[in-house]
Structures are given as C-alpha cells and as structure tokens.
C-alpha cells in the first residue's frame, strides 16, 4: 500500500540518499531503486570509539558494574557453552540468567567487603515511606471496613443457607407426616369396608412397644438391684409369706404375757399430758383391732 511504501522510504537515512545521488542511482520520482541489498558490517573500531567518547573514568564503587562470562552448571560441573542453552527453551534461558546473576553477586560481594561498604540492612533500620501516616491510616481503615463487609456478607450467606436448609428439612418432615397420615386413613377405610382384616400400623406400634418393654426388662435384669434394695435385703431378708402373716393363731391368742394394761388403756406416765383427750379418742391400731375382733369371736 501507499502508506507502507512511504514508511519504507522514510526509513532511509540522509547519508544513503546522498551516496545514491552521487552514484546517479536516484531516478525522477519518490522511490529509490536499489539494485542489491546493502551489506551489513560490524564496525568494531567505530563502536570502540563511541564507547570511549561516553565512557567516564569513575571508580568501581561508583559504577558497581560486574561482567561475568558463562557460569558452570552446578549439576554437570562444567562451563556451559552458548550452544548448550536453547534460546527457545524458557526454562534453560531463565536458569542461565539466574546462574549468571548469582556468579556476579558472588564476585561483587567480596570486593564490597574489601572496600568496607555495608551490604546488609541493620536490624533497627526504618525507611521513610513515600506516603504519610494519615494516608496509610485511611488505607488501613478502608481495608478493615472492606474486610468487615466481606465477613458480614459471608455470615448473611451462611444464615440464608441454614434457613433454606431448615425450611427444606421442615417441609420434608411435614410431607412425610402427611403421607403417613394419608396411608393410615386409607388403611382404616379399607378395614372399615372389609377389604383388609388387620391394621398394619397398629401391629408395628405393638411390636415396637413390646420391643421397648423387652429391652427395658433386659436392662433391669442386667443391671440388678440397686444399693438401697441390697441393703434392705441384707437387713430384713427376702421375707416369706406376706398375706395373713399377722393373723392370730391359737397359741398367740392364749399368750398374754406381753399384755400391759396401762399401755393398752393408754394410762402410761406422761401419756395424758402429751396426748390429752386426743390420745383417748385415738383410733386403735391394726393389731389391737385384730385382737378385739378375735376376742369378740
């Protein structure tokens, strides 16, 4: 295109145009006809002259420049050639840069120590920051508020998820109960109409209750009597016949050795003062009533 040709023409230098004009190679128009491409040359003398012109004669401590060649590979312990590093392989290229920089540091540090130049930052070193403390406080407050907002949003998300899960569980329970109730009503209707001769849910409840009773009985059997029961068994024994054990016999009826008239008629010392009329009106005990009945017979 025209724009590309203009850019190519503008890339020519003035010296090349003058040389072409002196040779008579320029033709009328804007284009320059080149019969052959110019040969590239390495002007080492000119480069050295340019380097000597802008080079400054300063001490090394002011320049701190280190030139190092190829570094020995720590794995193979041999100097790597230029052809050994594949420029298309990013890993090999970066590793060669890394080893070369490491070798330059190892060469420069002893020279700096020899010149008594400190290379380590002291422990109590405080660098002046580019931003003021007030601005840093504002940034800290902003970051803190942003973090709190994120925490609040996370808590709100968790609460929403928990509520959603709770509602889901509640709806599942209600649906299951409604389904069980519907099945129960259908079973009752079938039983009333004579389509079925038993109710399954009643059998299930009965079996479950029996299983619970058996389980509790087994627990009681395995557990055994408690400490209070064991103490009473040790003190009073396991007993014997309970029904009719207090009935009078012929021998007990004829035995009146333990009879005390004062005790029987409530005339003992201190009885009147303590009981008074209430003691006289007191209903006789069970044993006394049995004796009175037996005597009346």
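Including glycine, each Cβ sits where the backbone N, Cα and C put it.
Among the ranges 112-140, 141-169, the one that TrEMBL lists as region 'Disordered' is 141-169. Secondary structure of the compositional bias 'Basic and acidic residues' (145-157) per DSSP, as helix, strand and coil residue counts: 13 helix, 0 strand, 0 coil.
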